[in-house]
Amino acid sequence: MQQNSVLLALFFLCFSSGLGSGQPGQRDDLQTLLELKNSFITNPKEEDVLRDWNSGSPSYCNWTGVTCGGREIIGLNLSGLGLTGSISPSIGRFNNLIHIDLSSNRLVGPIPTTLSNLSSSLESLHLFSNLLSGDIPSQLGSLVNLKSLKLGDNELNGTIPETFGNLVNLQMLALASCRLTGLIPSRFGRLVQLQTLILQDNELEGPIPAEIGNCTSLALFAAAFNRLNGSLPAELNRLKNLQTLNLGDNSFSGEIPSQLGDLVSIQYLNLIGNQLQGLIPKRLTELANLQTLDLSSNNLTGVIHEEFWRMNQLEFLVLAKNRLSGSLPKTICSNNTSLKQLFLSETQLSGEIPAEISNCQSLKLLDLSNNTLTGQIPDSLFQLVELTNLYLNNNSLEGTLSSSISNLTNLQEFTLYHNNLEGKVPKEIGFLGKLEIMYLYENRFSGEMPVEIGNCTRLQEIDWYGNRLSGEIPSSIGRLKDLTRLHLRENELVGNIPASLGNCHQMTVIDLADNQLSGSIPSSFGFLTALELFMIYNNSLQGNLPDSLINLKNLTRINFSSNKFNGSISPLCGSSSYLSFDVTENGFEGDIPLELGKSTNLDRLRLGKNQFTGRIPRTFGKISELSLLDISRNSLSGIIPVELGLCKKLTHIDLNNNYLSGVIPTWLGKLPLLGELKLSSNKFVGSLPTEIFSLTNILTLFLDGNSLNGSIPQEIGNLQALNALNLEENQLSGPLPSTIGKLSKLFELRLSRNALTGEIPVEIGQLQDLQSALDLSYNNFTGRIPSTISTLPKLESLDLSHNQLVGEVPGQIGDMKSLGYLNLSYNNLEGKLKKQFSRWQADAFVGNAGLCGSPLSHCNRAGSKNQRSLSPKTVVIISAISSLAAIALMVLVIILFFKQNHDLFKKVRGGNSAFSSNSSSSQAPLFSNGGAKSDIKWDDIMEATHYLNEEFMIGSGGSGKVYKAELKNGETIAVKKILWKDDLMSNKSFNREVKTLGTIRHRHLVKLMGYCSSKADGLNLLIYEYMANGSVWDWLHANENTKKKEVLGWETRLKIALGLAQGVEYLHYDCVPPIVHRDIKSSNVLLDSNIEAHLGDFGLAKILTGNYDTNTESNTMFAGSYGYIAPEYAYSLKATEKSDVYSMGIVLMEIVTGKMPTEAMFDEETDMVRWVETVLDTPPGSEAREKLIDSELKSLLPCEEEAAYQVLEIALQCTKSYPQERPSSRQASEYLLNVFNNRAASYREMQTDTDK
């Protein structure tokens, strides 16, 4: 018994020893786990999720996330525990580890390379959704037993390791949403067991390797949102098990391979947002299991195969934003009852919506927007009772909206805007109880708004702007508790604003402007505390504002202008978040509230045309973002507060027609952006402060109707950008400075009713843009009328009356074709008026005792009454001599006539030509025939144009007229007749310059092919290649008297803009010496037969004005064109590359907006640049912003619209006031090229939910 006890004791001792011998391995795992925990950082404020990982609890197999097999650790699953810190390299010491999952934490740092030590055991490694960084270790390629590798959604970079091709057992590889670059390894073709490959949302590039076709087990392949390019490999057709293929939003090109029709298992195919072209392969319609097909945002062409409508498994068909053609067939959904979503917007579909659309009974979403569909909306469409989203906007649909719409009880979003629908909005919309968005704007709907709209209790947005709706706004709208946006502008609504709208507490936008509403604003509007935008301008609303509006503390933009409100505006001052505030043209009274100064981000403040009294609040100085201040036509008094000088972003100040007093503040001269200063009709005194003459950006300066004294200083010539100057009705004295001639952009000059003296400076003739008026009347000017006034080519009104001018009236003034109003009355003028002045009334010349001739009384031909009269004999002799002289003169005229015609005939027949082989001159050609089929002869040109008959004229400008000449050899050329009086062929400098220009060749420059001269006055010809499609000006601004061309599409306009910039860049950088164009404008941008841009008339400014003649007409002729001239040219009279860039910027604006820079809308207050700049600052999506884009460009894609705004941003950079702030032509060209290359954008994201 004792022996047995001893043996039992020895057994337990040995067993204990055996356990003790195993402890070192277990202790190592325990230590490794603790090291791993220590690499994680625990937030002391959060619960320690790994609190059981401690040495006091040695049974680690029971620890959180630890899985053991026997006593060996085979799994670590710490997913989603919120761990931070890094992954310890010690993790590589778990020799038997099969599964690692540390996903969905916040771990940082690199992936440990020591993981490669687990090559014999590890089967799954999941590290996705962390913050891991650095390259993916190539050592992971040694984990040959790995079946699942998920590293996506980290901050990894670098390339995909080639060694991953060694993971031959891999079934899942997920690397999405990192920053991986480089190529997809071709060695992936070795992964024959791979079932899932997810590479999307990286920066991978290059083609898909053909070897991917070897991965025959692949069921899901997603590589969307990368930079992959090239063509799609036909080898993809070997993936017979593939169910999901997502390659969207890359740069794949070429055609869709028809071999994709071999993917017999495919259910989801997404190629959105590439550059694929050609036809949609018909074989895709053979994919019997296909449920989702997205080919949108490509360049696919052709018709939609009818077989698509017979694919009975297809649920989602997305073909939007392609260049497809044709119409919807009557066979639509003939064998498809599964189709749920159909996106065909922007596919150039035409024709009518077929009645058979009702076959698509499962449709939930139908998008046919942005096409050219016509006809009526078929009643059968409203049988699609499952519809939740119906988009028919931006088409040419007509007719009425059927009452059958009541069937669509599941409808949530309904857009019909930009069509030609008419009639009443049916009351049956009240059955659409789930409707959330309803856009009917810009149609022709009429009649009253149906009261039943109040039944659509889920409505969030109503936009019916721009129709012909009449009657009152139904009070039932007040039942729409979820309504956030109500837009009814530009209708014919009448009556009161319903008080029930105050129940719509979620409302953020109310726009009821441009109607005929009356009554007052309901006090219930004080409950709309979420309201941000409140527009009710151009109505007949009246009364005091309700005090409850003080509760609207989130208002950012209001416009109450052009109504009949009165009382105080204090109720509007509860918000301190205003961006724009406009109550112009009402009857508001009292003091301007100080609280307006709390809106420091307020950009535009308009209080004009009211009855405000008191002083301008000093608190306005706190509005740091203020750019426009209009308080004109009120009854304000006192001085302009000095605090306004703190508003350094002010561009417009209008304080006209008040009772403001004191001197004009000197601090106005320190507002660097000020472009408009209007202080007219106030009580200002003192002299003109010299500080305001440092405002080099100012465009409008109106100081008239005050009591200013002193003289006009010489510094007035510093106002280089000034368009309009009005100093009339003051007490200014002294001479008019000659520096006035430096204001070359001046459009209007009014200095009447002062006490100015001295002579009118001859420099006034330098104001070549002066157009609206030159008014110097009611002063004390002396001396003669300067003849230079007659050189003002655009002047429409000239008033020099009530002065002390003497001498004769220059006859050239009577020849001014632009002059419509002339007043020279009440001066001391004398002499006989030339017959040109007979077109004005006598009132224009009265009060000048020594002046005679039509329209005044005839001049007295008899001499003085005291002069002795002639004898009869003397009269006979004088008569005889006069008769003989007249006969002799007549004979001389006849002789000269025949001689001149004879000489002219000889000159034309034997004219010189740069190309003529039978020239009467021995002169060699100026340069070789640049592109002409054969030598061009003078006689051929004369014959082709009937001696330059006006019938063949295709253009004219400052440098001369242009004729189209179709030569006998079938070639068509353009011939420019230069307005010149000398034979330029004999001028060596001219020859040298023309020869240089003739060697210039660029894709976007018009080729100069040669020069001809007849040695006759006015018959010097430059020969150019012919541009078959005229100029950009012709296309953009054709009127009813001009043959209307097709509309230039956006893609074409963008190419024209880029071509123009590249042409200018070539002139500036690649010509030696560089060429400054000096007259870039839309009429000089010519289009060839392919509508490709070519800049013409380059170099003419130099060769016709630079060195060869001092002819004034020519010098001004080639200095630029009105509306395109850079502001610095006014004072420097020097054209530079940067002035070319400015002109190019104006043309870019013209291309996008379709507007001329000289349109009537651009007056003395706002030129084209300022208009674009102002409107571009409005919120994205606003209607004002949309009007920047030419209305001819209907239905731009979002990516095209964005590109248009980008071009305008570039144009604004090009038209900066200071030349040094403008980009170079090379930079501008690069900017436009970037816009052109990045114009493609994705349409919709159609992705499957996949593991990362």
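Here the Cβ of each residue, glycine as well, is placed from N, Cα and C on the backbone.
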Asn823, Asn1029 - the residue Swiss-Prot records as N-linked glycosylation site: Asn823
Site from Asn370, Asn987 that Swiss-Prot describes as N-linked glycosylation site, others unannotated there: Asn370
Record feature N-linked glycosylation site (Swiss-Prot), assigned residue among Asn214, Asn335: Asn214
Residue carrying N-linked glycosylation site as stated in Swiss-Prot, selected out of Asn336, Asn918: Asn336
Under 8 Å by Cβ from Asn157 (N-linked glycosylation site), counting only residues of that chain that are 6 or more apart: Ser133, Gly134, Asp135, Cys178, Arg179, Leu180, Thr181
Per Cβ pairs under 8 Å, the stretch of 144-166, 386-408, 529-552, 768-792 packing most closely against the repeat 'LRR 27' (720-743): 768-792
Spatial neighbours, same chain, of Asn214 (N-linked glycosylation site) - Cβ under 8 Å, 6+ residues apart: Gly189, Arg190, Val192, Arg238
Residue numbers, six or more beyond the limits of the repeat 'LRR 30' (793-816), whose CB comes under 8 Å of its CB atoms: 752, 760, 768-787, 822-837, 839, 845, 847, 851, 1122
Leading contact stretch, 144-166, 265-286, 312-335, 529-552, 623-648 vs the repeat 'LRR 21' (577-599) - CB distance under 8 Å: 623-648
Cα proximity to Asp1079 (active site, proton acceptor), best match among recorded positions Asn299, Asn554, Asn709, Thr945: Thr945
Predicted model, mean pLDDT over the domain 'Protein kinase' (948-1232): 78
For Asn407 (N-linked glycosylation site), the one of Asn62, Asn709, Asn823 that lies nearest, given that the glycosylation sites are compared by Cα: Asn62
Intrachain residues whose Cβ lies under 8 Å of the repeat 'LRR 29' (768-792), provided they are six or more past its termini: 724, 728, 736, 744-762, 798-810, 812-813, 815-816, 818, 823-824, 829, 1112, 1116, 1119, 1122, 1125, 1164
Spatial neighbours, same chain, of Asn559 (N-linked glycosylation site) - Cβ under 8 Å, 6+ residues apart: Ala513, Phe534, Met535, Ile536, Tyr537, Ser580, Asp582
Candidate recorded positions Asn117, Asn299, Asn554, Asn823, Thr945, pick with smallest Cα gap to Asn370 (N-linked glycosylation site): Asn299
Positions whose Cβ lies under 8 angstroms from the repeat 'LRR 20' (554-575), at least six residues beyond its ends: 508, 513, 529-548, 581-590, 592-593, 595-596, 598-599, 606-607, 611
